[in-house]
Amino acid sequence: MTNRCDAVDFNDDNVPWAYCPSFPAAILFAAVFCLLTIAHTAQLFLSRKKFCWVIVMAAIWETIGFSLRAYSTQNLRSIGPVVPSQLLIILSPLWLNAFVYMVLGRMIYFFLPEKRCFGISAKKLTMLFVILDITAFLVQGTGGSMLSGDDPKTVNLGKYIYMGGIGFQEFFILIFFALAVRFHYKMNYVETIHPPAYRWRPLLYTVYAGLVLITIRVIYRLCEYSQGVDTPLSKSETAFYVLDAATMAVAIFLFSIFHPGRFLVGPESEFPKKQKKSKANRNRDDTKSESRRSKRWARRRTEKNDVELSTDAEQFAAQELGQHELLERPSPGSAPGQNWGYR
């Protein structure tokens, strides 16, 4: 490694590295994240928790990111693998962040009788925080893609955009942490009245740990870029592996040990889905609707006929009454009391 790095001037602007990167460390973490990918993929199918594909994506992105990093350590002058490696590593924690949001949302739906927290339904809370996480993802991706540019102004702008993205991410992590504490408080109360059938504390503590580890990583990135690109912290590979790579590996590992599939079991463990009607059901519904319309038309027709018959009867009765009165009316020349109709 010494000969490989001695042949490169890391102060050269054409070299994408600010220090001599470690090949064994990159290979080690690529292998770790690869094993975590395999573990979570197996748990995804065994537990049948479809939303767990999100944490699988986090592990896959880390695996590819560190694999490209390992390759680039052997090609120090090539910027090709560095850019995608950097983007995958700095953006993959957002997959983990979204997964944490999904887990707690389903815990609220599964364990709390009212299925809501702070007056908001569990499903809406999950959707809200996932949308916010996607927004942070887009902002960080925009800033991160600008960090490898040749123009210092572009790099500086990308740095501030990226810092804004991770600051935005951390702000909502803190709000979500308050949501987790509120859930914890309500579960302590629910447990005294009706103890749940499944344990909830191990998974909640894993959610806490995930939020703390993501926060450590966010603080590291904020400190790294707040002092500029060329700083002692940005040149420390040890800090990168301890405060970024290791924190994400531990968080993903914890969710493999305390997998949601162990604690969220049964039909109530997933959000309800709108059932799509089959073609046969749609045809049956159309037939019922047509039958109801036919019955309404027949009823209205009957009512109309009844009204017409009633009107005709009234007119006939009036005519008969008029003729009867005419027969009973005496003529001017008849004797008093003589009924003209019966002469």
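If you go along the chain as it appears here, the first residue is 1 and each next one adds 1.
Using N, Cα and C of the backbone, Cβ positions are placed for all residues, glycine too.
The feature compositional bias 'Basic and acidic residues' is assigned by TrEMBL to 282-292. Taken from TrEMBL, the feature compositional bias 'Basic residues' covers 293-302. Positions annotated as region 'Disordered' by TrEMBL: 269-343. Per TrEMBL, the feature transmembrane segment maps to 16-39, 51-71, 83-104, 125-148, 160-181, 202-220, 240-258.
Non-local neighbours of the transmembrane segment (51-71) in the same chain are 21, 23, 26-27, 29-30, 33-34, 36-37, 40-41, 43-44, 81-82, 84-89, 91-93, 95-96, 98-99, 102, 106, 245, 248-249, 252, 255, 259-261, 270; each lies 6+ residues outside the stretch with a CB under 8 Å from one of its CB atoms. By the count of Cβ pairs under 8 Å, the stretch nearest in packing to the transmembrane segment (240-258) among 83-104, 125-148, 160-181, 202-220 is 202-220.
Remote same-chain residues near the transmembrane segment (202-220) are listed as 93, 96-97, 100, 103-104, 107, 166, 169-170, 173, 176-177, 180, 183-184, 187, 239, 243-244, 247-248, 250-251, 254-255, 257-258, 260, 262-264 (criterion: CB distance under 8 Å, separation of at least six residues from the stretch ends).
Panel annotation: around the transmembrane segment (160-181), residues 90, 94, 97, 100-101, 104, 117-118, 125, 129, 132-133, 135-137, 139-144, 146-147, 204, 207-208, 211, 214-215, 218-219, 221-222, 225-226 of the same chain, lying at least six beyond its termini, place a Cβ under 8 Å from a Cβ of the stretch.
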